[in-house]
Amino acid sequence: MSSLVVAGFPIGGIFGALFGGSVSNKVGRKLSLFIFNIPMAIGSLLMMACQAAASFEMIIVGRVLVGFACGAFTGIAPVYLAEIAPVSIRGMSGIMHQLAIVSAILVSQILGLQELMGSTKLWPYLLGLTILPSVVLLLLFWICPDSPRYILLNSRDLEGAKSALYWLRGDTEVVNEEIRELLIEQDDGNENHAKFPLKDLFHIKALRLALFVAVVAHLAQQFSGINAALFYSTSLFESIGLTSQAVYATLGVGSMIVVITVVSIFLIERVGRRILLIGGLSMMLCSAVIITIGLALRNHASGLVYLAITFIYIFVGGFAIGPGSIPWFVVAELFVQETRDPAIVITVIVNWLAQIVISLGYPLLLASFLIFRFFKTALLFTLVKYLKDFSFMPFIGLLVIFIALLYLYLPETKGRPPCDVQEEFVRMASGGGDDVALGSYTHSLPSEDGDIGATVSQMALSPKLSPFKSPCMYASLTYAPFIDVLEVETSIHKVQSGIEIQEVVRPLFPSHPSFSILSVGSTISGHQICSGYRVRKSSQIGCDRTLDCCTCDRMSRILFLPRL
């Protein structure tokens, strides 16, 4: 029954993750946090009143409601933090979400001591303390702005977005620059990102690979063995020889996680996501092996008990340095705006499902010895006892798999726009080639004389377009040598030298409006397009990129962006 109480939290979290994203997109990040505080408060009150009402069901329902709210928060809070933070500290901001979680866990462990609120009379009030964060949020969230990105791109409120950005930045020049970038994104039709078909995350190879990496990162967080150590750390310490000191050793584990999480804040923008995530998992792998050896051989050498304890701390330190925080915000860095929301929903649900498996499965593994005590067969008795000592073995095998997959497929996202990251997934999905079309959206551009042979593929990379160094996978590229270049050059050269322009190059074929060549924020200097030539997307799932210093004699390399 206790496992059911534990599992009620992640069960509620799954449903919260399902609804959190849609509510956030409809009413905004700020208001959605307020809305999901309601089930949080109700659940807290139910848990606090369960003893007085002599109702075990109330604590289960309360756990589910609190889990529902937290499931929504895990999808909303990282996005909100990413959207309000400057690019230079976006990783640090993302870790704050995890720091709040582990700090709350440590506080609950301290208050749960028998000397404080862990007594028979006070434990319901300890559970009811979960209402305090809701009260704090209700008191303070009124002074915090909503996400400027949401205000402009979803609510189309330019002045509101400026006001929110000025509250966050306090620098008019910085505000104007960020507003300019958001306006370009708005012009690019980014407000339609919610309409991106979910099935394309699975049907398009490069997107499928990116989603796979994101899911692996979240599975690595849960199936690394950390939740087993946190949920049942006291029992774990007792199993390796500690008795009355087990509770305080568990507090040391919680403190270790908080301290290392703080350290990771200062490392994330220097070292990068990839090194911290894979390095942290590697620390956990080595520690789990040594912990298993200590559990298995503790009866033969008493010193192994202390060795195992030491590496339990290293184990949780490896978790806190990367795997604990990075999966929550790295998904937003792996996907562009159009595909980010569905990807976050999927990965958060996977995370909560994994929590259910861990919260139900690990105590059954630890209790297997007691279950099979009823069997009189000495062989079964000995076998189960042996397996109990190796209860970390499944996590060791999974850690090996996670490290290998992330090493092979996880790109570094530090300081890179999502479009660059998506380009890397295109290359990986194509087996490392540069000239490849992915997906099934392939069209030919017709002319009055018939098909001129200009093929446009939704996810094609054009190696012949060498100045276009970082093509986004959503920008459809092709080399079209049969088109009269003079038409393009004439349109460009009508612009006076040195003037910043927008939408200089018009659609080449007005009778076929599904194709267009557009530029945003370009600067023309003589017969040379200077660095900063931008191709504006006209595809629903497109993305703008930058074309560096392309001279006129290279204009035969034409970019077509189909509206698919």
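Heads up, the Cβ atoms here are built off N, Cα and C, so glycines get one too.
Feature annotation from TrEMBL assigns domain 'Major facilitator superfamily (MFS) profile' to 1-414.
Residues 32, 35-36, 60-61, 63-76, 79, 231, 341, 344-345, 348-349, 351-353, 355-356, 359-360, 363 of the same chain sit 6 or more residues outside the transmembrane segment (6-24) yet have a Cβ under 8 Å from a Cβ within it. If you look up TrEMBL, you'll see 6-24 (among others) marked as transmembrane segment.
Residues or ranges marked as transmembrane segment by TrEMBL: 31-54 (among others).
Per TrEMBL, the feature transmembrane segment maps to 60-82 (among others).
For the transmembrane segment (94-111), the residues of the chain that approach it from at least six positions outside its boundaries are 77-78, 81-82, 85, 117-118, 126, 129, 133, 230, 250-251, 254-255, 257-258, 261-262, 264-265, 268, 320, 324-326, 328-330, judged by C-beta separation under 8 angstroms. Annotation comment: TrEMBL describes 94-111 (among others) as transmembrane segment.
Sequence annotations record features per position, and here TrEMBL assigns transmembrane segment to 123-144 (among others).
As annotated by TrEMBL, transmembrane segment applies to 209-234 (among others).
Marked as transmembrane segment by TrEMBL: 246-268 (among others).
The annotation transmembrane segment is assigned in TrEMBL to 275-297 (among others).
For 303-331 (among others), the entry in TrEMBL reads transmembrane segment. Nonlocal intrachain contacts for the transmembrane segment (303-331), taken as residues 6+ away from its ends with a CB within less than 8 angstroms of a stretch CB, comprise 74, 78, 81-82, 90-91, 93-95, 97-99, 102, 214, 217-218, 220-221, 224-226, 229, 233, 236-237, 240-242, 249, 252-253, 256-261, 263-264, 267-268, 273, 275-284, 286-288, 290-291, 293-295, 297, 340, 343-344, 347, 351, 413.
Annotated transmembrane segment per TrEMBL: 343-372 (among others), in sequence order.
The feature transmembrane segment is assigned by TrEMBL to 392-410 (among others). Remote same-chain partners of the transmembrane segment (392-410), defined as residues 6 or more beyond its termini with a Cβ less than 8 Å from a stretch Cβ, comprise 209, 212-213, 216-217, 219-220, 223-225, 228, 273-274, 277-278, 281-282, 284-285, 288-289, 291-292, 295, 428.
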Taking residues 6+ outside the transmembrane segment (31-54), which of them lie with a CB under 8 Å of any CB in it?
16, 20, 23-24, 61-70, 72-73, 76-77, 80, 123-125, 127-131, 133-134, 137-138, 141, 146
For the transmembrane segment (123-144), find every same-chain residue at least 6 residues outside the stretch whose CB is under 8 Å from a CB in it, and list them.
30, 33-34, 37, 40-41, 43-45, 47-52, 59, 62, 66, 104, 108, 111-112, 117
